[in-house]
Amino acid sequence: MEPRAARMRKREGQRGEQEDPPSGKGNTETHRGPDLVQWTRQMEAVKTQLLEQAQGQLMELLDRAMWEAVQSYPPQGRPLPSVPPDSSSKTREPSLGKQKVFIIRKSLLDELMEVQHFRTIYHMFIAGLCVFIINTLAIDFIDEGRLMLESDLLIFSFGQLPLALMTWVPMFLSTLLAPYQALRLWARPQAGGAWTLGVGLGCALLAAHTAVLGVLPVHVAVDYQLPPASRCVLVFEQVRLLMKSYSFLREAVPGIFCARGGRGIRAPSFSSYLYFLFCPTLIYRETYPRTPSVRWNYVAKNFAQALGCVLYACFILGRLCVPVFANMSQEPFSTRALVLSIMHATLPGIFMLLLIFFAFLHCWLNAFAEMLRFGDRMFYQDWWNSTSFSNYYRTWNVVVHDWLYSYIYQDGLRLLGGRARGVAMLGVFLVSAVVHEYIFCFVLGFFYPVMLMLFLVFGVLLNFTMHDRHTGPAWNVLMWTMLFLGQGIQVSLYCQEWYAQRHCPLAQTTFWGLMTPRSWSCHT
């Protein structure tokens, strides 16, 4: 199947041929009348339009054929969807029973980077990083007479990283051994008390596994006062391993218990579970489509780009955020100062959003996918073209959306009935809001329910008001405007609270003191 970017290049070439005819033809056109030249160009345009329409219909037929071929291998013995997806599936809420289908496909940015225009936008971001570096060198040279890059923020953020990596080892071993051994205990063909004992031991293993993942990273982060980036490693791995454990058990346990009814017991292989723990998806399958080989230069390129995004983020925080918010808590509070700080934080906030997207959802996940020859690289879709927040939520992070849709939304509909779509959707928002708020609380070391409010209040309202029936450029502009403001609110409020926590420490640690934002009362 021809990649999207290749089709775009072919169309550009066809347009170029229409505008710039070959030199030989140009010499003869001067002797023709203007009507004949115009008629010839019009026929060329009609031909190009017909070819594009035929190519689009052929692509739809091939997509449908590929979908039907993939569906002939049902995952884990589950029922097949009754209706194949169409071209508007990304802007419509999927029906109950639709399962995640893995096929070999490239990430969208990899396809777009094959077009020169998109590569130029990427080069502009690299030029911006170079400007930040030159700016830092110039300021250091002028102010202090030395030529050195300031890396204090980077060194502080990743302090005690070896301790975080050592803490990850028992977390991973617990996830590797406990869920799989529990499943094997449940899959043993025993009867009566022996099987009941196995079920009890399996539940005890899972309880111990949950305790290790839930308590150990929190204990290490609090007792050793880990800095933000090292905390990020722990909390992201904590959430990832919990989600993968749940997916593995959710996909495998129903088959085990159905097999005990007489269809034969077959537990998943340990190698498939080990592969699942590292591959960039949160939906367990025994097999995934694999690419034929590993492109190690592609792996190195993505890791280098991820590192560049980390440096970029440090420059943005150091140059655009720290000078503004470091002393803000020492000034009297005013609505004017709050609004101005939010407006000032919109630009660094949207830069941080784009850097997180590119570094993690594209570079990091593609690097691991390439090393593991994982074929399905659709970790995101074209969220930047969204004209509704409901579509933005579905396309921004496809990896997490697939997990939420499969195990919160679909399972919620199965438990509550097919008509309780609103309740199931609110459940998705609630789980997402709580997890996001927990991650920010873990990383920053304080509770400030900004993400909770943005998800549960504004996120729900925008999801139902800016829905898929809204199309057109104006709605895309509105979506981006709301993103700018939302990022400005997050960066401004969290930065203010970060410095308020340091300028105004609690005289006595109390529950309400920990739950109340310090920036509301800290004005030294």
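Including glycine, each Cβ sits where the backbone N, Cα and C put it.
Where the annotation comes from TrEMBL, it is an automatic prediction and has not been curated.
What TrEMBL annotates here:
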- 1-37: region 'Disordered' (REGION)
- 1-18: compositional bias 'Basic and acidic residues' (COMPBIAS)
- 73-94: region 'Disordered' (REGION)
- 121-142: transmembrane segment (TRANSMEM)
- 154-180: transmembrane segment (TRANSMEM)
- 192-216: transmembrane segment (TRANSMEM)
- 267-285: transmembrane segment (TRANSMEM)
- 306-326: transmembrane segment (TRANSMEM)
- 346-369: transmembrane segment (TRANSMEM)
- 446-465: transmembrane segment (TRANSMEM)
- 477-494: transmembrane segment (TRANSMEM)
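Residues 75-76, 100, 102, 172, 175-176, 179-180, 183-184, 187, 240-241, 243-244, 247-248, 250-252, 256, 365-366, 368-369, 372, 374, 376, 379, 399-400, 402-403, 406 of the same chain lie 6 or more positions beyond the ends of the transmembrane segment (267-285) yet place their CB under 8 Å from a CB of it. Fewer than three CB pairs closer than 8 A are found between the transmembrane segment (306-326) and the transmembrane segment (446-465), and contact between the two stretches is not assigned (pairs 6 or more residues apart). The stretch with the most CB contacts under 8 Å to the transmembrane segment (154-180), chosen from 121-142, 192-216, 346-369, 446-465, is 192-216.
Outside the transmembrane segment (477-494) by six or more residues, the chain places 321, 325, 338, 341-346, 348-350, 352-353, 386-389, 392, 440, 444, 448, 450-451, 454, 458, 462, 466, 519 with a CB less than 8 A from a CB of the stretch. Outside the transmembrane segment (192-216) by six or more residues, the chain places 167, 170-171, 174-175, 178-179, 181-183, 185-186, 238, 241-242, 245, 249 with a CB less than 8 A from a CB of the stretch.
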